[in-house]
Amino acid sequence: MQKRVPGTSTNPRASQWQSRFASLSRSIYCGPPSLLRGCGTTMRLVSKFHSDSDSLSEVDLTPADQEEEVVTHYHGNHSDNIEEKTVDPPGLEESGPEKAHIQRGVLIAEAGRTLWTRNQLIVAYITIWIIEFIGAFSQGMTSTLTPYVTSSFQEHSLTATTSILSGLIGGLITLPYAKVLDIWGRPQAYALMVICETVGLIMMAGCNNVKTYCAAQIFYYIGTNGITFTHMIFIADTTSLKNRCFFIAFTSSPTIATTWAYGPATEAVLNHIGYRWGFGIWAIIVPLTCAPLFSMFYWNQIRAYREGIVHKVPSGRNIWQSLVYYGIEFDVIGLTILSAGLALFLLAFSLYSYQADQWRSPLIICFIIFGALLVVAFCWYERYIAPVTFVPWTLMKNRTVFFTFVMCASMYCAFSLWYSYFYSMLIVVFNTSVTVATYINNIYGVGSCFWAVVQGLAILYNGRIKWHVFLFGLPLSILGVGLMIYFRQPDQDVGYLAMCMIFIAFGYGTIVMCEQMTVMAVSSHKNIPAILAMEMMIGSIGGSIGSTIAAALWTGVFPERLAKYLPADAPIAEIYGSIEVQSSYPVGSDIRNGINRAYGDAQRLMVITAVCLYIIGWIATLFWEDIDIRKMKLKKGIIF
């Protein structure tokens, strides 16, 4: 995340608004000006690009009233092994304590390349694999249980809606979380995410309505996204770029095993202890499995203090001043505006069918108008007012980064479109058991994780990642989803759907790995947390938009087709609201056949829309730089 200096913008309107906000910040802050300067309100990060390669290049951190460089401050005998050096500007010594506080997480992470031994790193990677195994198992069960939770409240049609807010906020929070990692450090931030996931699981176990379940999913996905993001940053800190793809794939490989386990486990939970304990058991297991990695992070932080690499310096702030400081650093105002705007706008498309006047409903009209206005207000606030921007805009000026994000948004949007009601279709239309439906539904998870490992090995021999995606990953995904237009119908055999899922899985295994490697290859190491956070945020927003479109198509098409295909005396409202009611009618009966036809009509529209989005992503890939990551330079220190 970059900082802008109030009063230093070349745009006079920006300078005017930033100066006003800076004055307001000082009046609220109630602290000495020296500490306020340390908070970043007089410092900005200026980034530019080499014209010959479009690659990102960091330049000086320039204070408003000084022309000296301020970078990370190291002490002790380990400084020779770390790439950055100290250049303290005269006249800013008073900002040193605050500077040290801001850089603490970065300092400890960089020091980790000398503090971690190779054996410790091996243990850490094994621990991460175990945590990811538990995470994949729990996520598989929770996602499978979601239709049964919504159906228990007669709200099965809200299945996709429950994932809109959780996916949206879970993605948006990644950028501020990257800042938390830098300011607080790995162990503190990691513990916060474990707590969030545990709270979400407890709320799921105790929910009594869909609203509470949606809120629980927000906590849960904030936690899971944060934990996974921390693992990814740790891998980026300790591996070379050409090997990084393999290690990221390695930590994702538990999905290959968990897919075969959580299907029968979910069925056993539903048949014996109920879905509430299906969530409750993970609220106990998750924190226990995350504790060892937290301990390793915390132990190395203590070592960094003991060996003098990082010094504990009091911030000099009281509680109120700290709240203001963190509010500015995390851009709470910008995050709130964007979250509210996107949530209102996207929810309108999934909730309109519940209003008597549908699109003409005053509530839906207000959601759309105010949601759009808040998104515009966010852009204006970030451009003219925010002293610390929520989005690292300068990083997006690189064409490879920009078009990678375009591909990422279209890909995740398309995936959520065709995937949202896929499990329900397997249960109802193809009359599969929970276990079989889970196996088919998760061919994607198994296949993509398996192929990601293969892809990681392939990159060791051919590092030109652009062509892996353009010639193999996206064409195979388009083929798989395109075939679903024909095979995702009631009169087809379910085996053809399994074939399509295999194509999609291998395509995604290539796309996801290369997408992450691409943005890291054109970014400096210091920018990797921000660029990966941005990538995860855009993917989550794209997924939320896809879920929104899926919910809009479902609520607009499915009930209308039920009314068209079902007998006049059929309980349409009950059928529409519950997957269990839908699957309770005998196979071959008029009602079951009508339900299946309604499913087929709605699913066809979802899949066609998804194919169009995949083609947009395929075109965007053409604009990537042709980078060979095997030629990238290695960092100093202990890495794989």
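Even glycines carry a Cβ here, placed using N, Cα and C.
Remember, TrEMBL labels are computer predictions, not curated facts.
According to TrEMBL, the feature compositional bias 'Basic and acidic residues' maps to 78-87. Here TrEMBL flags 78-97 as region 'Disordered'. TrEMBL lists 121-138, 158-177, 189-206, 218-236, 245-263, 275-299, 361-381, 401-423, 443-462, 469-488, 494-515, 536-557 (among others) with the feature transmembrane segment.
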Any contact between the transmembrane segment (401-423) and the transmembrane segment (494-515), i.e. 3 or more CB pairs below 8 Å with pairs at least 6 residues apart? yes
Using Cβ distances below 8 Å and needing 3 or more such pairs, separated by at least 6 in sequence, tell me whether the transmembrane segment (275-299) contacts the transmembrane segment (189-206). yes
Could you check if the transmembrane segment (443-462) is in contact with the transmembrane segment (494-515), meaning 3+ Cβ pairs under 8 Å among residue pairs at least 6 apart in sequence? yes
Other parts of the chain folded back onto the transmembrane segment (245-263), taken as Cβ under 8 Å at six or more residues beyond its ends: 125, 128-129, 132-133, 135-137, 140-141, 144, 231-232, 235, 239, 434-439, 442, 445-446, 448-450, 452-453, 455-457, 459-460, 513-514, 516-517, 640
Note: vs the transmembrane segment (189-206), the recorded stretch with the largest number of Cβ pairs under 8 Å from 121-138, 218-236, 361-381, 494-515 is 218-236
Recorded stretch, among 121-138, 361-381, 494-515, maximising Cβ pairs under 8 Å relative to the transmembrane segment (218-236): 121-138
